[in-house]
Amino acid sequence: MCHAQSRCPNQLAKTIYSAVDSNPLSVYVMHPFWNSVVKVMPRWLAPNLITFTGFMFLVFNFLMLSFYDYHFDASAEGYTHVPSWVWVTAGLFNFLAYTLDGVDGKQARRTNSSTPLGELFDHGLDSWACVFFVATVYSIFGRGPSGVGVATLYYILWVVLFSFILSHWEKYNTGILFLPWGYDISQVTISIVYIFTAMVGVETWYEPIWWNFHYRDLFTFMILGCSFTVTLPMSLYNVFKASRNNTLKHSSIYEAFLPFLSPVLLCLLSSVWVIFSPSGILQQQPRVFYLMVGTAFANVTCKLIVCQMSNTRCQPLSWLLVPMATVVLLAVTGLVANETLLIYVWTAIVILTHIHYGVSVVSTHTHTLQYKSQKTLYLALITVGNYLFQS
């Protein structure tokens, strides 16, 4: 997605991290807690290992609920419910993931090991984590009569994904990462809801809160309300303020909104598949479809993160969308009869492609740093040699 992809890793080395976190929950509660946690961590513990461990807690939650509730119907009446210990585990792991995501940067500054690669690794995994915690929490309500439909959850997922990318769109235009308020609130709430579900059972969510207003409606209302009344207005305000102060990095509207092109196209392609699927693929394989969408989105977002960190121009189109358009065409026209096999194969390809991209960026950046170190050593030897020769 970077205009000069080969220059991106070189430019990453010059990146200076600039972020603003103004959420009261984060400032007055979580940061003091994280400061206490990081003090007991051994100094040899690598920040990137902390980041990866936190991410794997979310992946484990996703896999655990996939085993007990693959089709999101275990919470419905008449089905075997998820065991209580699973909800306890999910709550603890979700909070641990959130905590580790909060302390990895503090550990890096504490040990003087902060690097642009660490920032990229952190935000890159965060972009992928969106689909894991959304799909996992969905199992609480499920797709039963008192739950949330798989199509509704699909569009809720897209609201969450676009809420995430807004922060990096802000940084692409302003040079400052404004951390979203919704993230801290949602993570604490989700962790509490998991534990509460283990205590009272999923049957509690069947009952309406008031009249015909159910907990599923509150769940949907909170996500949409936070996104459209807090995240979106604050993002637009921050970009508008930068424009008014003449500090906006991109002067034209086209360049400023260019990072949204690939995510919007991805949303359109996946929605076309959902709407025109001959076999109703979202109803048949919702978990795999969510995973495919979330991983493809993470791949697009990671390329934007590299661009905003390296101050390079964002390319209009992510190449991953080209084969995806072909896959969607094969699916909706019925040229491939087995849609289930198609979604499994395409999801595997998307996951492997995303992992390959991440490994390639890390490898290229590491080789760049090694080359610079070798070049610095070579110049130092020449300088010493010249000094000895002149003496």
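Cβ coordinates are placed from backbone N, Cα and C, and glycine is handled just like the others.
Pulled from TrEMBL, these are the features on record:
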- 49-70: transmembrane segment (TRANSMEM)
- 82-100: transmembrane segment (TRANSMEM)
- 120-141: transmembrane segment (TRANSMEM)
- 147-167: transmembrane segment (TRANSMEM)
- 218-240: transmembrane segment (TRANSMEM)
- 252-276: transmembrane segment (TRANSMEM)
- 288-306: transmembrane segment (TRANSMEM)
- 318-337: transmembrane segment (TRANSMEM)
- 343-362: transmembrane segment (TRANSMEM)
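Highest Cβ contact count with the transmembrane segment (288-306) among the listed stretches 49-70, 120-141, 147-167, 343-362 falls to 120-141 (criterion: pairs under 8 Å). Counting Cβ pairs closer than 8 Å and at least 6 residues apart in sequence, the transmembrane segment (252-276) and the transmembrane segment (147-167) reach three or more and so form a contact.
Stretch with the largest number of CB pairs closer than 8 A to the transmembrane segment (120-141), among 49-70, 218-240, 318-337: 49-70. Comparing 49-70, 82-100, 318-337 for CB pairs under 8 angstroms to the transmembrane segment (343-362), the maximum falls on 318-337.
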